[in-house]
Amino acid sequence: MTADLSQHTPMMQQYLGIKAEHPDQLVFYRMGDFYELFFGDAQKAARLLDITLTQRGQSAGKPIPMAGIPYHAAENYLARLVKLGESVAIAEQIGDPALAKGPVERKVVRIVTPGTVSDEALLEERRDNLLCAVFDHNNQYGCASLDLAAGRFLVTQVEGAEQLQALLERWSPAELLISEEHGLPGRWSDRPGTRKRPSWEFDEDAARRQLCQQFQVQDLAGFGEPSPVAVSAAGALLGYAKETQRGELPHITGLTVESFDDAVAMDAATRRNLELTETLDGQEQHTLAWVLDSTKTAMGARLLKRWVHQPLRNRTTLTQRQDQIDALRQGWCFESARDVLNDIGDMERILGRVALRSARPRDLTRLHASLKALPPLIGTLPAADCFCELIERIGQFPNQVELLGTAVIENPPMLIRDGGVIAPGYSEELDELRSISENAGAILVDIETRERERTQLSTLRVKYNRVHGYYIELSRRESDQAPTDYQRRQTLKNAERFITPELKEFEDKALSASSKALALEKRLYEALLEKVAADLHALQRSAAAVAELDVLASLAERAEALNWVLPQLVDDEAIIEIVDGRHPVVEQVLDDAFVPNSLHLDNARRMVIITGPNMGGKSTYMRQTALIALLAHLGSCVPAASARIGSLDRIFTRIGSSDDLAGGRSTFMVEMSETANILNNATAQSLVLMDEIGRGTSTFDGLSLAWAAAEHLARNLKSFTLFATHYFELTQLPEQLPGIYNAHLTASEHDNRIVFLHRVQEGPASRSYGLQVAQLAGVPSSVIHRAGEKLRELEQSKPLAPSATPPSSYAAPSPAAAPAQASLFNEPNAIELALTDLDPDELTPKQALEALYTLKKLT
């Protein structure tokens, strides 16, 4: 594109002017029944949407690349672009083509971005769609999150990359705003949907003024006084949201300052490893939320996911949730409530569209049905004190029910522009216009019949043509007898044509009745949205309460269906006691019965060292413990015979790793980073899961690191810890440090094949069954046979008994223990001969350690 607009046609000059204002967005330029894209936008859209790329003449001497999409199908294409992280500026024709002397006037009426969409067709029904902003100042990150469709506005501050990663993992923003002067750690800087904005948009003073103006307050103290960096992020976010919506945001009436002291903290690795809302391969099925979610409304499903990602520490809130779930289970009240919830739509997002004045007719019919269902919904709830406040928030809206019921027909068309939305009887003027438009023929017959009776003129006819409109025609013979109120309009050879005041009034109405009816209907619809919006705050409050009830009813239903129990929440005791616990997800996908297991950790037993074969169930046992603790901190029932759970401040997991290729980190580096985060941040109130620390390096390095990490957790941090390992040397820790005990997953061997019993028993495992697991994995039998030979050979070498401390003892070796330097030219000695028979790639950690003792004996 050339900067010299004079070389372009007037229409293309108009387009280029609009495009210059939206350089980072695809411009949908309305031309008749199509949205057209030009130049680079056309090429990009053709590639992303798989539509035809053509040319439209020339501009500035070069062919213009062009692609188009039908106006009526635009929503489908917008949805695809938004999912790809693209933003679209929609330029509509706002002028009358009949009156335009040059190009029809156009302007951008809305900007559709991944984080600011509110149209039903562009949103995932059961997933939050968040616009977020992050502002970095000296490693202090101000963070803001806005659910535009629901009007939910949150701010917080986190410190350091780990906390930021955890927060973004929880929020999972559809669109993320950052200052052009700052990047973000990890994958967030370059992911689709991340926008770099001018640094001045994050100015704290300007942001504070904008927020105060939005909320109509003098200062932000009433919202908990967010930190300066959080204010900067919130101001940038609010400004961007207003820019994209081309107007005010009346449903954004306040913000919530989120405190991490109120929640059980989980880092990004923990959220992934526990598979709360997504599995490790990105699926929603077979997650904790998948098991918990039997909600009836979309807004309830979204709230449930937020609860899962933010378990609470507030004992009052948790106890109330438990009481409500217990009350709903009495007499199966939850079933009655869920039957009514079936009739309630997505009030939260409908009200967001009402506030943005983008609600469609069917939104209003769904809102009407939802509000109509509130009284019977309240009637299903138990007469318990724990529901009083919730019932008050749900409320009842008889005036809105009556208004919407009389204003909109039961099954309206999709769009107001199609007409036929406003119900008969709502507006006399509209009813009259519709009657004229729909019954013009009958009205003309009625006028003709009445005029004939009045005048007694037999040749009288009421007719119409495009030139003269409606008229009364009389023969030349009878024209002299026309009444005095007949005004002559046209004289013909054999007839005279007249107009009367009544016919003139009908003509004025009939010729424009259809267009007038549609214009009036649009005005009535806009006024109707204003009337609904007058109760917006109370309606939003009701929607939030209904969503909360939906989640509680879902948790009650799940507890009954899955045989879960309410855990005892303990304030004055550090304890995790689970009797016959089950993994909530694995239990649902197993064909066989799940083997339950118990756990008891308290001040006297802070750590359990878990050993046993691969695939024996160590990771499942650890994860089920974390998930049961998390469920308790939701206020939910848990999969166990009984449970007592003390208050936790954090849940950490170090389970499994893979290379971080994008970040240039090896498996071992990822493992050590996660371990470092745990050792630096865990407290005595934390639950820590450590699985196979030290696998990614040499045997002695790994064993030493695992030993030291376990020792630090037990001796210094005193966290509740489940520590799974294949280093059998760690089973000696209980003999050296208090508060540690051993447990193992049982297995048996039959016909050289391993049978996993999945039962946890106290004490260390007797062996690792490495060859049997390899056989199950399909390792060739020849390799298994050779490994068995080597194993027997190593076992017969009678290694020295392992020492009571890890191989890499902190004590420096004595000079006498230093090995002599070997000559390069000596004949092979016994050690060298023994080494030639060893293949380190085929040894388990235990076998490698035993081989080392054998070599030591040969010195």
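Any Cβ shown, glycine's included, is placed from N, Cα and C.
If you check Swiss-Prot, you get these features:
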- GLY612, PRO613, ASN614, MET615, GLY616, GLY617, LYS618, SER619: ATP binding site (BINDING)
- 797-822: region 'Disordered' (REGION)
Check: same-chain CB within 8 A of ATP site center, minus GLY612, PRO613, ASN614, MET615, GLY616, GLY617, LYS618, SER619: LEU745, ALA747, PHE756
Secondary structure of GLY617 (ATP binding site) (DSSP, helix/strand/coil): coil
Most Cβ neighbours inside 10 Å, all chains, among the binding-site residues GLY612, PRO613, GLY616, GLY617: GLY612
Residue with minimal Cβ packing [other Cβ atoms within 10 Å] among the binding-site residues ASN614, SER619: ASN614
Packing count at MET615 (ATP binding site) (other Cβ atoms within 10 Å of its Cβ): 18
Distant-in-sequence Cβ neighbours of LYS618 (ATP binding site), under 8 Å, six or more positions away: ILE610, THR611, GLY612, ASP691, ALA724, LEU745
